[in-house]
Amino acid sequence: MIASYFIIIPLLSGFILAMSGKRDRFVELVALISTSLLLFLSVLLFPVINAYGPVFYQLSGWKIPYTISLVIDNLSAFVLFVISLIAFFSTLYSIGYMRRFQALNNYYALLMLMIAGLNGVTITGDLFNLFVFMEVSLIATYALVAFQGEPEHYEAAFKYAILGSISSTLILFGIGCVYSMVSSLTLMQISLKTNGMPSLYLAYGLFLTGFGLKASMFPFHSWLPDAHPSAPSPVSAMLSGVLIKVLGVYSIIRVFFMVFQESKVVLDVLLVFGTITMVIGAIMAVGQRDIKRMLGFSSVSQMGYILFSLGLGTPLGILGAVYHMLNHAILKGTLFLDAGAIETAEGTRDFENMAGRSGKTVYVSTLMASLGISGVPPFGGFFSKLIIIMAAIYARKYSYALIALTVSVITMAYYLKMLKKTFPTMNARAKIPVSMKITLIILSILTIATAVLFIPAVRDITLNKVVECITDRAVYGSLFKAGGNP
């Protein structure tokens with residue numbers, strides 16, 4: 001039953017918020033309580049799974065493949081935690097940041113709908129409902145990108161919607177191809193029936209293109225830097241911190257690593273295009289003046305690291321990708337929320353025209369997150385990038401390891417440039433709402449705290465559990481056969 005709460009809570013909250021009218025304090029409280037509950041439940045999942053095994057829940061009395069099943073294994077639990085963590089801090093930050101906007105009940109209702117869709121994608125046990133939940137989260141995201149209501153915001157949302165619709169269509173065609181071959185949409189049954197089937201390459205191509213677009217993989221990356229400047233900063237934190245990872249990376253892992261057998265062709269595509277994405281994103285970020293657009297290209301580059309690491313196809317590479325998913329969610333979430341505080345204080349996103357009015361709290365937070373995303377010790381981002389580079393070296397991909405290291409240096413260069421331009425002086429201070437400051441302080445601490453996951457004893461009971469879940473397809477299959485735990 002705990003699995004269904006991750007969908008019921010945000011959907012019910014979204015309905016209450018949509019019906020509540022313009023009672024700002026009430027809608028803020030409902031949204032904050034909802035995301036707090038989700039974060040608590042996501043933390044609770046880890047001891048439950050360790051004690052009783054993966055969670056399996058059927059929404060009806062029907063048997064597979066006719067029922068809707070929800071599955072939470074170690075991978076799902078990890079992703080749910082990342083979603084809930086960033087959602088909670090985005091909501092807390094929104095209390096101060098969004099006060100200048102109207103119709104806050106609509107904003108929080110859409111945010112809850114987005115979270116419900118992301119959670120649904122993470123725990124669904126069949127391909128079609130993965131598609132449905134994906135569309136739920138995307139529709140809410142399109143509206144949130146356009147929330148500020150200016151022509152440029154509608155333009156960015158429209159561009160995102162067009163590309164998102166194309167990717168969704170490709171994924172739907174891929175689902176149709178799979179169903180025509182195996183007459184089932186249940187992930188485990190697909191896994192059993194497609195084992196060794198040579199005619200899947202069309203579905204592979206459709207899924208890779210569709211999920212790759214949602215993950216902002218080159219050459220489908222252009223929508224992301226456009227969407228970020230238009231979206232409110234808490235939405236940007238969700239978009240970059242979790243949405244592209246859940247709809248893109250998580251879906252790739254679930255479909256290609258856990259349902260289909262790993263294909264050398266798929267791994268090679270992830271390796272090559274992940275590397276290109278890493279490089280292109282970094283190069284494009286160098287010349288930006290809009291802080292949120294720069295962060296958007298930086299997200300493209302960091303997604304390249306994750307896809308590249310998955311493309312290595314080794315347990316160490318998968319570990320690096322999973323670890324960097326967490327670090328990037330926290331680091332980039334922090335940076336987008338920093339950007340919102342800076343824009344609030346400065347009245348502009350152009351860091352060539354800034355005077356350092358946002359104060360020391362924002363400066364320290366931006367500095368820490370910038371160093372972390374650049375791969376500087378002792379931040380968590382250093383250790384996840386170290387694992388990725390080590391995985392490339394152990395896989396004898398020496399040139400790829402050198403490229404990853406070089407891109408990290410370029411990343412540090414454009415972040416240091418941004419810091420120098422954004423904070424030329426610390427004399428003038430603008431008033432930043434307390435909820436925004438608290439969020440930035442806690443997230444800044446987390447940028448270093450995630451480094452403990454590099455310690456072998458800690459890693460064995462956390463990240464390694466996720467890697468084992470991904471690499472051992474038999475565990476996922478046995479769950480469906482046994483019926484799982486409620």
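Every residue, even glycine, has its Cβ placed from backbone N, Cα and C.
Residues or ranges marked as transmembrane segment by TrEMBL: 6-22, 29-55, 75-95, 107-124, 160-182, 202-224, 236-259, 265-285, 305-326, 362-386, 398-416, 436-455. Per TrEMBL, the feature domain 'NADH-Ubiquinone oxidoreductase (complex I) chain 5 N-terminal' maps to 66-108. Under the heading domain 'NADH:quinone oxidoreductase/Mrp antiporter transmembrane', TrEMBL lists 125-411.
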Using a Cβ-Cβ cut-off of under 8 Å, list the residues of the same chain that are 6+ residues beyond the ends of the transmembrane segment (265-285) and lie near it.
201, 204, 208, 212, 216-218, 221, 225, 252, 256, 294, 297-313, 397, 400, 403-404, 407, 410-411, 414
Short question: which residues 6 or more past the ends of the transmembrane segment (236-259) have a Cβ under 8 Å from it?
75, 79, 82-83, 86-87, 89-90, 93, 111, 114, 118, 121-122, 127, 130, 134, 137-138, 141, 145, 187-188, 190-191, 194, 204, 207-208, 211-217, 224, 227-228, 266, 270, 292, 295-296, 299, 303, 306-307, 310, 318, 321, 325, 328-330, 332-334, 336-337, 339-340, 469-471, 473, 476
Stretch among 6-22, 75-95, 160-182 sharing the most Cβ pairs under 8 Å with the transmembrane segment (436-455):
75-95
How does the model score the domain 'NADH-Ubiquinone oxidoreductase (complex I) chain 5 N-terminal' (66-108) in terms of mean pLDDT?
88
